[in-house]
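K.L.:
Take this structure, written in structure tokens, and hold onto it; I'll ask about it next.
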Number of protein chains: 2
Amino acid sequence: MTLETVKQDFKSHLNKISAYQEALGLIFWDLRTGAPKKAIENRSEVIGILSSEVFNLSTSDKMAEYINELNANKSELDELTVKMLEECQKEFDRNRKIPEDEFKKYVILKSKSESVWEEAREKSDFSLFEPYLKELVETTKRFVGYWGYEGNPYNTLLDMFEPGVTVKDLDQVFGSVREAIVPLVKGIEKSTVKPDTGFVYKHFPKASQREFSVHVLKELGYDFDAGRLDETVHPFATGLNTGDVRITTRYDENDFRGAVFGTIHECGHALYEQNIDPALTGTPLSGGTSMGIHESQSLFMENFVGRHPEFWRRHLPALKEYSPEQFSDVSVEDFIAGINESKPSLIRVDADELTYALHIMIRYEIEKGLFNNEFEVSELPEVWNKKYKEYLGVVPSNDAEGILQDVHWSGGSFGYFPSYALGYMYAAQFKQAMLKDLPQFDEYIANGDIAPIKNWMTEKVHRFGKTKKPLEILKEATGEGLNAEHLIKYLEDKYSALYQLERAK
Amino acid sequence: MTLETVKQDFKSHLNKISAYQEALGLIFWDLRTGAPKKAIENRSEVIGILSSEVFNLSTSDKMAEYINELNANKSELDELTVKMLEECQKEFDRNRKIPEDEFKKYVILKSKSESVWEEAREKSDFSLFEPYLKELVETTKRFVGYWGYEGNPYNTLLDMFEPGVTVKDLDQVFGSVREAIVPLVKGIEKSTVKPDTGFVYKHFPKASQREFSVHVLKELGYDFDAGRLDETVHPFATGLNTGDVRITTRYDENDFRGAVFGTIHECGHALYEQNIDPALTGTPLSGGTSMGIHESQSLFMENFVGRHPEFWRRHLPALKEYSPEQFSDVSVEDFIAGINESKPSLIRVDADELTYALHIMIRYEIEKGLFNNEFEVSELPEVWNKKYKEYLGVVPSNDAEGILQDVHWSGGSFGYFPSYALGYMYAAQFKQAMLKDLPQFDEYIANGDIAPIKNWMTEKVHRFGKTKKPLEILKEATGEGLNAEHLIKYLEDKYSALYQLERAK
């Protein structure tokens with residue numbers, strides 16, 4: 001067989017894996033957006049069979065042959081094939097260590113757990129979800145055993161979402177962010193500035209919130225010919241292919257912020273996936289390079305664009321059209337003060353920009369503790385509530401607003417949460433670098449001219465998909481490695497101004 | 001390997017095929033109900049890959065081994081395994097004759113053709129669709145060449161939808177139905193009875209039509225925990241599994257009949273799929289036994305239930321709630337007369353119960369002609385219009401209301417249309433037999449007590465899935481073979497009464 005033939009067969013093999021993943025992506029989207037209840041039982045079987053096939057194709061002897069053959073001729077390969085090869089090898093090495101039947105059981109477990117979690121959350125009853133979470137944690141621990149780890153078992157899980165980041169890094173970086181946030185939170189508590197947020201909680205009909213969300217998505221460059229907006233319990237964006245990147249959101253008729261900022265957040269994720277080089281479609285490189293970089297895109301959109309004062313100078317009039325009574329008396333300044341109110345709270349996704357990181361640190365510490373056998377799944381509600389008291393000074397009154405609030409664990413995602421905080425740092429670093437190329441940043445926002453901003457991100461981040469590693473993208477775009485100082489400075493500037501805080505020198 | 005092991009492996013193999021088909025079913029549903037435009041290109045690749053995998057699994061050497069092994073031990077097999085074996089063998093024998101690459105191209109062609117058809121129909125431009133239809137016909141002719149045929153090449157296509165039915169049967173049966181319909185249509189033309197249909201065309205908002213459709217579906221026993229209702233250009237029902245049978249409908253704000261009777265029609269299909277024995281899930285036996293029997297279920301629901309005078313004595317008050325102005329002055333008698341108006345028309349799906357069969361006969365004759373090389377695809381608009389003039393006395397003024405109106409050909413379905421007329425006959429035969437067991441039929445409808453009717457159908461038809469052949473089901477349920485007389489008598493009775501026609505003796 002010629003090398004050219006091997007390359008072609010390898011490519012077809014990857015196309016097949018990608019096709020199954022696209023079908024699975026649609027199935028998951030459908031399960032969350034409106035599949036009937038009784039569909040789930042057999043659909044879980046379908047998920048099991050398809051995932052198991054993906055697993056087989058990624059770990060098959062055939063794949064081993066491709067990897068060996070291509071590695072033996074690596075110097076003759078084009079760059080793209082090398083990247084695909086490396087991606088496959090990483091996946092191969094990781095998956096080959098898990099017995100097929102265990103993996104299949106795990107996939108079915110995940111699918112069922114998500115449904116059970118939804119029910120448990122509705123009923124605010126952790127005991128319903130507990131046995132599933134326990135099995136998920138045990139399975140994941142067993143998998144870490146198969147994979148091995150360096151330093152800390154949790155490092156292996158972190159590496160799946162943010163290659164190269166370790167518990168040691170996070171303890172350090174999270175430490176310095178915490179040191180900056182805590183005095184700000186205390187300062188805000190003592191500040192005499194108390195933004196009026198009455199308008200936030202006024203009734204805003206779901207249908208109108210949806211219309212406004214669509215309006216904003218269009219302004220931000222989200223391509224509706226390559227996506228759609230639906231409603232779910234837990235909002236997400238999913239890229240089935242670059243021509244089909246779907247967003248979901250959640251509408252609270254008595255607090256429009258969830259839907260509006262949630263939609264803008266998911267829009268950031270979606271712009272990433274819509275703008276990956278289409279030449280990568282059907283390969284394992286057509287996706288975000290890491291969860292942290294992905295999150296940097298959503299947080300950039302949410303905080304640096306969506307909470308920008310100029311953004312609301314432009315969009316408040318439109319918002320007033322969709323809910324006239326609610327906003328008629330609200331000035332732009334009051335609106336900006338109101339939507340940027342910072343106050344310790346219980347629900348992560350509703351948290352403000354400043355205290356959000358504390359929610360992440362709690363989850364990080366819980367996951368780290370779980371995988372270092374510091375406590376059991378059954379103790380989680382207690383541990384959770386204790387940490388909320390300690391970090392944020394608030395205590396959940398039930399499981400739904402505590403331990404059951406996040407979908408992640410029900411999908412087996414452990415090690416994912418820290419990406420949110422890393423995304424914050426990346427986003428602040430991108431913003432810093434972008435300002436050098438686009439000094440008129442504020443003006444673009446004021447004029448609704450988002451294209452230069454989007455194009456910068458596409459040029460520096462989106463288009464590469466997984467052809468570059470997270471720190472490679474960061475370095476090339478900003479000239480630096482991971483650096484928390486830009487985020488810290490941004491938060492200090494912003495909240496000192498909003499709450500007229502004295503700056504410690 | 002023991003026979004037990006072979007059976008288990010065979011079952012797993014079938015589960016896999018069924019899982020891929022379920023994923024494909026969801027993909028098709030999604031493409032028709034709201035997938036973004038740019039999704040299509042890569043989604044077509046996904047469809048191609050998955051379908052090709054189904055094809056491979058159904059025609060693999062592995063399948064050949066199962067078939068041989070099980071056939072060699074047929075006497076020791078349970079009945080269900082025998083049925084599965086026979087179903088697989090039929091599929092195997094048919095598919096093995098088509099080269100894999102041709103099949104894959106065909107599947108991709110079908111998927112693209114459906115999109116092109118939608119566009120062509122929107123623009124009312126047959127020339128857009130013509131090259132695709134030409135390729136579909138040529139491919140199908142080539143396939144018939146691979147499969148072989150007896151008597152007439154079109155018989156092979158008929159057999160795929162209604163095993164055992166031939167051109168000879170249809171020429172005869174359609175002949176006698178036509179002989180009965182033509183005098184009725186002429187009588188109605190001359191009748192002085194002219195039902196007032198003004199109320200039909202009054203504005204009925206889409207959202208309210210949807211609500212009424214949901215109301216009716218619930219009354220008819222459609223299980224919303226095992227399905228959902230969406231909107232499409234061409235309404236359909238699709239059974240992904242028995243716990244997920246989805247219905248779509250089309251809303252015309254100036255003619256509510258399409259949505260209401262369309263929904264009731266699709267409900268009949270859906271009840272069939274929702275009530276197949278769940279033990280058959282994951283096997284090739286979990287589906288309707290033939291297109292004709294499937295259509296008998298939808299037409300039974302639409303005509304014998306949904307157009308029953310007692311049905312509207314019960315439901316007109318509800319309809320008045322959803323569109324008060326439209327129906328306020330309409331009596332039940334006027335309503336029944338209005339919705340049963342018979343008048344030659346252009347669009348099949350909007351045709352009345354009496355002239356509907358003529359629409360089918362036109363399509364039957366066109367398909368028969370195409371596959372007997374009597375005319376070319378390019379001549380179809382002309383042939384179509386000529387036949388409409390001849391049979392119904394009406395001529396389409398454009399392609400959208402003529403040759404482009406049906407989705408079927410764009411999906412490669414040739415030989416399907418006759419099932420609609422067969423379904424009519426079966427339905428009338430089932431009704432006749434049901435009356436013997438349920439003489440209070442009219443009363444049940446009057447009281448909205450559909451359960452006994454639905455249960456009779458489940459008992460006699462639904463639950464068997466494909467474990468019984470169409471004529472077997474018909475014979476066991478009615479004691480007869482195919483018999484057009486019940487349908488003819490029903491139509492004569494109904495329309496003679498509605499239009500006060502003199503009965504020829």
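Note: Cβ is positioned from N, Cα and C throughout, glycine not excepted.
Nobody curates TrEMBL annotations by hand; they come from automatic prediction.
From TrEMBL, here are the annotated features:
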| type | residues | note |
| --- | --- | --- |
| ACT_SITE | B:E266 | active site, proton donor/acceptor |
| BINDING | B:H265, B:H269, B:E295 | Zn(2+) binding site |
K.L.:
DSSP secondary structure for B:H265 (Zn(2+) binding site), reduced to helix/strand/coil, please.
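P.N.:
It is helical.
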K.L.:
If you draw a 10 Å sphere around the Cβ of B:H269 (Zn(2+) binding site), how many other Cβ atoms fall inside it, taking every protein chain shown into account?
P.N.:
23
K.L.:
Around the Zn(2+) site (B:H265, B:H269, B:E295), what further same-chain residues have their C-beta within 8 angstroms of the site's C-beta centre?
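P.N.:
Not counting the recorded site residues, we get B:A237, B:E266, B:G268, B:H294, B:Q297, B:S298, B:L299, B:M301, B:E302, B:G423.
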K.L.:
Counting only residues 6+ away in sequence within the same chain, which have a CB under 8 Å from the CB of B:E266 (active site, proton donor/acceptor)?
P.N.:
B:P235, B:F236, B:A237, B:I247, B:T248, B:T249, B:S298
K.L.:
Among all the protein chains here, how many other CB atoms are within 10 A of the CB of B:H265 (Zn(2+) binding site)?
P.N.:
24
K.L.:
Same-chain residues six or more away whose CB lies under 8 A from the CB of B:E295 (Zn(2+) binding site)?
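P.N.:
Those within reach of B:E295 (Zn(2+) binding site), by Cβ under 8 Å and sequence separation of 6 or more, are B:S419, B:Y420, B:L422, B:G423, B:Y424, B:Y426, B:A427.
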